[in-house]
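Features as listed in TrEMBL:
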type    : residues                             : note
BINDING : B:Glu33, B:Ala34, B:Val233, B:Glu421 : FAD binding site
BINDING : B:Phe338                             : substrate binding site
DOMAIN  : B:13-445                             : domain 'Amine oxidase'
2 protein chains.
Amino acid sequence: MTNFDVVVIGAGLAGLTAAREVRAAGRSVVVLEARDRVAGRNFGGNLADGTPVEMGGQWIGRTQTEVLKLVDELGLKTFPTYADGAAVTLYNGVLTRYADPSFGLSDEGAMEVGRLQQELEALADTVSLSAPWASPSALELDRQTLGEWLRANSAKDEAMAFWGAIVPALFSAEPTEMSLLHFLFYIKSGGMLDNLVSTTGGAQELRVVGGAHRISERLAEELGETVRLNCPVRKISHDDSGVRVGFDGGEVTARRVVVAIPPALAGRLAYEPALPGARDGLTQQMPMGSVIKVQVAYPTPFWRDAGLSGFGFSLDDELSVTMDNSPPDGACGVVVGFFEGAHARSAAGLSPQERRASAVATLVKMFGPEARNPVDYAEQNWMEEEYTRGCYGGRLGAGVWTQYGAALAEPVGRVHWAGAETSDVWNGYMDGAVRSGHRAAAEVLGRLEA
Amino acid sequence: MTNFDVVVIGAGLAGLTAAREVRAAGRSVVVLEARDRVAGRNFGGNLADGTPVEMGGQWIGRTQTEVLKLVDELGLKTFPTYADGAAVTLYNGVLTRYADPSFGLSDEGAMEVGRLQQELEALADTVSLSAPWASPSALELDRQTLGEWLRANSAKDEAMAFWGAIVPALFSAEPTEMSLLHFLFYIKSGGMLDNLVSTTGGAQELRVVGGAHRISERLAEELGETVRLNCPVRKISHDDSGVRVGFDGGEVTARRVVVAIPPALAGRLAYEPALPGARDGLTQQMPMGSVIKVQVAYPTPFWRDAGLSGFGFSLDDELSVTMDNSPPDGACGVVVGFFEGAHARSAAGLSPQERRASAVATLVKMFGPEARNPVDYAEQNWMEEEYTRGCYGGRLGAGVWTQYGAALAEPVGRVHWAGAETSDVWNGYMDGAVRSGHRAAAEVLGRLEA
């Protein structure tokens, strides 16, 4: 069968969710996936001893209601991220242990960070989630980078170091690399900063038993032969009568197409007729973040015995954020850590051995000498992934939202756009991906007769 | 024949220059061009009465020695851009006529612009043309947008209005959309601002008889069957033994490949193996400028009779720069004008009739009521061109040069990069394109035995 009501490009959460709903509505659908696996930016791996670890997106927060609903519908279970005990922060060579939301900053530093956070969130309150470019102060907020705003609004080293590390932790990009408007949109989209950065009570509260990629795998199991792997799409032709989608080795036709891959990758397909300049221009300047995610394994989660949660935050090191990522039964100890933004790009120039040494050196500073001899190390450099080309997602630099934002999710004829980048709620997160799938499915189902 | 020493992708000035030199060295070469014409961002058009007009890049300055040498070698002739008489500037509804380099600014405005220019050029002096990312103050210069620097360094409305119009005139992009480092690199690359903005004595001094696209056409005539039109390349496979280049309808093999298209487009090809993350990341964030070039024709160049050169500069209007673009014999009058940057993006939302009306309204303000009734109008929206996707060229936003710049021209195995964006001298200009062709040809010729 090569003729469908809907063809979906990309078997990540967005595409699979859209396909599921199209099929539930009694319409025929096919999902074309470039890789030999589903789940996109979710990706299950294993340590050498078989312990499953997540090499991509993994956490879910309680306000991420759409992905939680999906998890439940699919019969999957969640469990709380380990977060008992104290966190640690490294700054100027000093390790601070703390059990409050201070991020280990000095009183003065925490006060300055809090002041800036209040100001930023007051600005974020003015941003429209459905049309950021039409917010009352859009031009003013968009012409500045976040870095520019921070430099203009604080001269305190510790606070600036905090923002210089927390922003890459959220975006895998530097404050200079996004507009203030993008930052404000994004934090509002996820319910403001505390929600984004917190484990318990925030976006990192829950994990999925078996790994977050199981969500996509279950969806794909439901969809069966609807999902075709190893089909990198190269071309989309569309006209009044339908769409024709060419991939390596074949072609399908449909009434409508849902492109459920990041804008940076969507721009690389050939379109006939060519896309409007505004849409094409957007895809030229919505780069993906830069991140290398590492898993460092130990015989036991030894930090727990010392009353530590495993949450580490370094304002000094290339590996800037760590969390306890041990399996639910704590049978072994796993720390997950991130090289993000500029750190990821410099760490990409190291050998895996050097990156491991860099990561372990930071863990020793955070968790003591027991961290010195991991039993295993695994890493995932998302910048090298041909069919993702960076995580966590696409961002917009100064000026882009107001010049190109309207093209982000607006269909072009029979071509519809999905993916976490297109969601107004929890943009960039798994929940946003699911929401975008709902929205795209509703779009195509509402127009199939057209 | 499907096997060559070198395959060149793109029959613009860069690619054709490279191909010419490879052939002159006795090596076999093929040029694959996506369009049904050569010359890329140079493009010859005609008014309804047959008068030739240039829809793309057209001017050459006397310090652009490589393209001038090429023009000469190919037996083409240049002629001076018409520049006799006074220029006009519109600002806050007031028309100023002037015959000095003041751009019609008030004394105070000109002094402030001059002060900023001096400061910018002093900063530019510190930038390395061959490796901007390694300049002494690279990080500091790159983390700021040009807009940020301007706002931090001047509070004068008139000066800010000037920069807000002259920057798009040079880049087809707004000051916010590029890093300070990019701006500094670019102006130094072309011999500093006066050189870039001037007609006589600057980058707009000369025109090519028959049009600048004739350079590429002559090169293509020389190269004969070497140049294959209507061959949009889709995939480059490369390994130790050579390269294989797939295009719509065929495939060629070679020892090395020169990719002579803008980075934004080069990133859209499929590569096997996939490109390194740093190179791919660069192509995700080097967007093309936004410009709609218009030609407005009159029975005579009537402004000359009034002692005007045809150079107009508006700080008020969407059509911000005009010049006399009449044929060498002045048989009719043609004004060329530009919608650039944000103006181009908003004007793109108008109908051709509305754009014509907008352009003509500005010309009436500049040149009087005789401008009200043109006999013809032609326009070229470069954002809609599938195989260019914006002019004049690619630019780098805040942070990108220092994070990704090293990947701009560095070969990846047997894959070499050319194009105006990769030149350290006259970057973004025809001269830079020719220089990049020389450089890429030298690279591949030096490594053909490898």
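Each Cβ is built from the backbone N, Cα and C atoms, and glycine gets one as well.
No curator has checked TrEMBL annotations; they are predicted automatically.
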> If you count other Cβ atoms within 10 Å of each one's Cβ, which of the binding-site residues B:Glu33, B:Ala34, B:Val233, B:Phe338, B:Glu421 has the most?
Replying inline: B:Glu33
>> Using only C-alpha positions, which one of B:Glu33, B:Ala34, B:Val233, B:Glu421 is spatially nearest B:Phe338 (substrate binding site)? These are the binding-site residues in the record.
In response: B:Glu421
>> I want to verify one value. Collapsing DSSP to three states, which class is B:Glu33 (FAD binding site)?
In response: coil
>> For the FAD binding site, please report the maximum Cα-Cα distance among B:Glu33, B:Ala34, B:Val233, B:Glu421 in Å.
In response: 20
>> Please compute the mean pLDDT of the model over the domain 'Amine oxidase' (B:13-445).
In response: 97
